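Read through the structure below, which is laid out as structure tokens, and then see the notes.
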Amino acid sequence: MRKYVKALIMIILILILMVVGQIAPLAVADHLNFSEKTAVILMTVTYPIIVIGGGWLLNHFLFHQPLPLVAKWRFQWWPILYAILADVLIYLFSWIAQTGFHSSVTTMNNWWLQFAMTVISAPLVEEYVFRGYIFGALDSIFSRSVTIWLTAFVFGLIHLSSLGKAAWYNAVFLVVAYTAMGMFFTLIAVAAKSLWASVTAHVVNNLLIYIIGIWAAVSTSSSMMWRSLTGTLLGMGIVAGLVYWRFLKNKRGLTR
């Protein structure tokens, strides 16, 4: 029982760090009367430091959980290819559906700030949180297969913050769609035995979102493509299945 409580407390504290990492820099900037641009720069820089650094301190001094996917950086091409394939399928299925609740990308006047936050800071933090700390905590108490599913599900739950004022059934669909995305990133990390592979895939995914978002902002076409939750569920789900079939089926990746 003690190890379950220990893992649960670690997960809760890591998720709290994610919230603090976003709110604290903005609160400090507001208190010091910084401009909006300066506040965003402050959050972009300090967000990874607070969350990743804080998580490391918590684990090093309090929890001592093994982090099996936190490995030395080693560049691999294949996560990029699978991320591109997933995004192509997402936009294809979204174009076919053309209906339903969907998410979009908004742009800021300072495009480079949004780029830094969306393409660099956010993927790095999310991968360290989910494929690093949370995966490690869950892996200490569950089988590898259960850990993969739970990590993906928690990733889906956290993205409820992007729901807005949509109806409750959209909340369920959003969790399912982002769980598929979480499964995709988690399987990539497990297959590569390193969260840096999922960081690479996550960066590519967010980069494509960013590019399409910028294109939509400057395009005069009313038929601009958008990312639907249906597209996200199908695209990420299919490619997650491909990753499993290619790298993990009948192999030892799902065992410690």
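Every residue gets a Cβ built from N, Cα and C, even glycine.
What TrEMBL says about this protein:
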TRANSMEM  39-63  transmembrane segment
TRANSMEM  75-96  transmembrane segment
DOMAIN    110-208  domain 'CAAX prenyl protease 2/Lysostaphin resistance protein A-like'
TRANSMEM  111-129  transmembrane segment
TRANSMEM  141-161  transmembrane segment
TRANSMEM  167-192  transmembrane segment
TRANSMEM  199-218  transmembrane segment
TRANSMEM  224-247  transmembrane segment
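Mean per-residue pLDDT, taken over the domain 'CAAX prenyl protease 2/Lysostaphin resistance protein A-like' (110-208), amounts to 93. Taking residue pairs at least 6 apart in sequence, the transmembrane segment (224-247) and the transmembrane segment (167-192) share three or more C-beta contacts under 8 angstroms. Within the chain carrying the transmembrane segment (39-63), a Cβ under 8 angstroms from the stretch's Cβ atoms is held by residues 6, 9-10, 13-14, 17-18, 20-22, 24-26, 28-30, 108, 110, 113, 116-117, 121, 124-125, 128-129, 132-133, 136-137, all 6 or more beyond its ends. For the domain 'CAAX prenyl protease 2/Lysostaphin resistance protein A-like' (110-208), DSSP puts the residue distribution at 87 helix, 0 strand, 12 coil.
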